[in-house]
């Protein structure tokens with residue numbers, strides 16, 4: 001592979017972009033009940049997400065170039081593998097390309113535009129304010145599913161998935177901040193755990209409970225049948241076990257393991273939505 005291409009892929013954190021694209025594909029397939037006749041629109045949506053996500057990741061590296069000279073000197077920018085000017089032009093080309101392609105669907109266009117603005121604000125203003133930053137990360141994580149649904153003209157079911165993902169991600173980000181409390185303090189970061197200590201764990205648990213309470217809605221509203229309900233209830237039991245573990249021992253070590261545990265369960269929740277759309 002051409003070294004320059006490799007460095008640009010590293011700049012945009014290509015694995016993160018592919019993960020976001022995959023989430024968009026899953027969202028589109030769920031919303032279309034796995035109608036592969038609409039796969040062209042879904043793949044187009046996943047490309048847009050890849051481009052906009054790449055813009056956000058590149059912009060973060062541009063903002064962090066001075067810090068990365070110390071902490072991550074081998075990244076493309078601090079190591080001068082890519083110039084700051086080239087990285088800036090490249091990042092905005094990604095964003096503009098994504099927004100132009102999104103014009104095939106006006107809801108997709110609106111989301112792509114809003115998310116690009118949110119990513120810009122996150123990189124420029126809120127990255128070190130995790131109280132707001134965590135909400136932004138949670139929103140962006142959930143929005144990929146709505147984007148997939150919008151590409152096939154059905155956002156209803158993905159709206160519930162969006163809310164479940166938003167609250168679960170928000171919860172997990174706060175728990176991660178609790179684990180990283182000492183490091184964040186030394187770097188002057190603002191976070192709920194820094195402001196409220198162990199009480200922030202109760203906020204995280206509250207958000208996780210919101211996700212649990214919303215999860216049966218597809219069954220209650222008649223969107224999905226019993227197989228979905230059975231699958232999501234298993235996920236909810238696992239979530240509750242994570243909550244009980246945190247309540248019993250809200251230590252940084254338990255927070256670290258709970259964060260990883262919650263991430264696994266979130267993937268199982270996504271699988272439950274897939275089961276619901278297929279059965």
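Yeah, the Cβs are placed from backbone N, Cα and C, and that goes for glycine too.
What Swiss-Prot says about this protein:
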- 14-34: transmembrane segment (TRANSMEM)
- 36-56: transmembrane segment (TRANSMEM)
- 94-114: transmembrane segment (TRANSMEM)
- 131-153: transmembrane segment (TRANSMEM)
- 157-175: transmembrane segment (TRANSMEM)
- 201-221: transmembrane segment (TRANSMEM)
- 224-244: transmembrane segment (TRANSMEM)
- 259-279: transmembrane segment (TRANSMEM)
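When Cβ distances are compared across the two stretches, the transmembrane segment (14-34) makes no contact with the transmembrane segment (224-244), since fewer than 3 pairs at least 6 residues apart fall below 8 angstroms.
Listed as Cβ neighbours of the transmembrane segment (36-56) (distance under 8 Å, sequence separation of 6 or more from its ends, same chain) are residues 12-14, 16-18, 20-25, 28-29, 91-92, 94-95, 97-99, 101-102, 104-105, 108, 112, 115-116, 119, 122-123, 140, 144, 147-148, 150-152. For the transmembrane segment (157-175), the residues of the chain that approach it from at least six positions outside its boundaries are 27, 30-31, 130, 134-135, 137-139, 141-143, 145-146, 148-150, 191-193, 200-201, 203-208, 210-211, 214-215, 217-218, 223-224, 239, 246, 255, 258-259, 262-263, 265-266, 269-270, 273, 277, judged by C-beta separation under 8 angstroms. Beyond the ends of the transmembrane segment (259-279), by six or more residues, the same chain brings 23, 26, 29-31, 33-34, 157, 161, 164-165, 168-169, 171-172, 175-176, 179, 208, 215, 218-219, 223-225, 227-228, 231-232, 234-235, 238-239, 242, 245 to within a C-beta distance below 8 angstroms of the stretch.
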